[in-house]
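Going by TrEMBL, these are the annotated features:
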{"type": "TRANSMEM", "residues": "30-52", "note": "transmembrane segment"}
{"type": "DOMAIN", "residues": "44-292", "note": "domain 'G-protein coupled receptors family 1 profile'"}
{"type": "TRANSMEM", "residues": "64-89", "note": "transmembrane segment"}
{"type": "TRANSMEM", "residues": "95-123", "note": "transmembrane segment"}
{"type": "TRANSMEM", "residues": "144-166", "note": "transmembrane segment"}
{"type": "TRANSMEM", "residues": "205-225", "note": "transmembrane segment"}
{"type": "TRANSMEM", "residues": "237-260", "note": "transmembrane segment"}
{"type": "TRANSMEM", "residues": "272-292", "note": "transmembrane segment"}
Amino acid sequence: ASEPFNRPNSSSSSFILVGVPSSEAFPTCWGILFCSGYIITLVGNGVVLLVIGLNDSLRDPIHLFLAMLAIIDVVMVTSIVPKMLSIFWLKSTEIGYMACFVQMFLVHSTTSVESGVLLAMAVDRYVAICHPLRYQAILNHQTIAQIGLAIVVRALLFIVPLTGMVTNLPYCRSRVVPHSYCEHMAVAKLACADPRPSGLYSVTGSSLIVGMDMAFIAVSYGMILKTALRKRSCWKAFSTCGCHLCVLLLYYVPGIVSIYAQQFGSGVSVHAQVLLADLYLTLPTMLNPIIYSIRTKQIRQAVLKLL
């Protein structure tokens with residue numbers, strides 16, 4: 001596994017994924033944990049997509065954004081968990097060169113898209129509470145499609161150069177990636193060239209995307225708070241935003257910690273960094289549909305009706 005390869009563009013080249021470092025004695029337990037989370041994610045997001053698709057009353061903008069979120073969550077976990085399970089249960093640690101970079105592209109593009117969708121949902125709540133009479137006119141289906149396209153284009157503009165930078169690095173060191181999936185910094189560190197430009201681009205781009213989205217979300221909720229406090233039904237306004245706030249905290253807090261731990265966390269063990277990155281990708285995708293099903297009355301009633 002430690003033999004070098006000097007032909008990074010060769011189809012025979014591959015990397016070795018470790019899984020969770022320093023936890024080789026518990027592969028079955030890790031496999032059961034991530035498999036259970038994967039099943040819950042598929043079932044939960046599948047049910048959300050099904051009830052939105054079957055109910056015409058759930059075709060309003062917030063539920064269309066929720067459907068986008070469910071699709072992204074499924075793509076995100078499907079890009080990493082099946083390979084993780086093959087590592088834990090089948091000892092199939094090898095991943096092809098191109099497969100590694102395809103996985104890297106899917107993981108990092110979906111995380112960027114998810115941040116954009118969360119911002120769009122915050123804007124939706126702002127329009128619904130602050131401009132309720134113009135809600136349908138502002139957020140019509142054409143506008144939603146344009147928002148979705150803009151979110152995807154932004155993610156591609158960020159991730160395509162990053163993937164190109166990591167792909168073009170000459171790999172002539174160990175093939176062993178101390179990670180559960182092809183995390184770009186873990187792969188770039190295996191190159192015999194300086195990986196710092198790609199790392200700097202990644203941190204800068206991620207910080208700009210996350211920082212910009214969080215700033216706009218904060219402004220949206222600030223205006224929602226200002227409007228709600230002037231109304232008698234302020235508690236109702238806050239309750240409609242409750243599940244979205246839970247999802248925001250669940251996504252951004254572990255994500256920010258994971259990004260900076262990977263880049264600057266020299267004092268953080270590799271074991272902790274890998275677990276944090278794995279949970280950052282799997283835990284929100286598993287809990288998002290549960291949060292929305294419990295806290296959103298329309299979704300909850302539609303799920304009970306379906307059952």
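The first residue you see is number 1, and the count goes up from there.
Yeah, the Cβs are placed from backbone N, Cα and C, and that goes for glycine too.
Automatic, uncurated: that is what TrEMBL annotation is.
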Should the transmembrane segment (95-123) and the transmembrane segment (237-260) be scored as in contact, given a threshold of at least 3 Cβ pairs under 8 Å and pairs 6 or more apart?
yes
Is it true that the transmembrane segment (30-52) and the transmembrane segment (272-292) have 3 or more Cβ pairs under 8 Å, skipping pairs fewer than 6 apart in sequence?
yes
Rounded mean pLDDT for the residues that make up the domain 'G-protein coupled receptors family 1 profile' (44-292):
86
Is it true that the transmembrane segment (272-292) and the transmembrane segment (144-166) have 3 or more CB pairs under 8 Å, sequence gap of 6 or more?
no
State the non-local partners of the transmembrane segment (64-89) in its own chain: residues 6+ outside its ends, Cβ under 8 Å from one of its Cβ atoms.
17-19, 27-28, 30-31, 34-35, 37-38, 41-42, 45-46, 48-49, 52-53, 95, 103, 106-107, 110-111, 113-114, 117-118, 120-121, 124, 144, 148, 180-181, 247, 278, 281-282, 284-286, 288-289, 292, 299
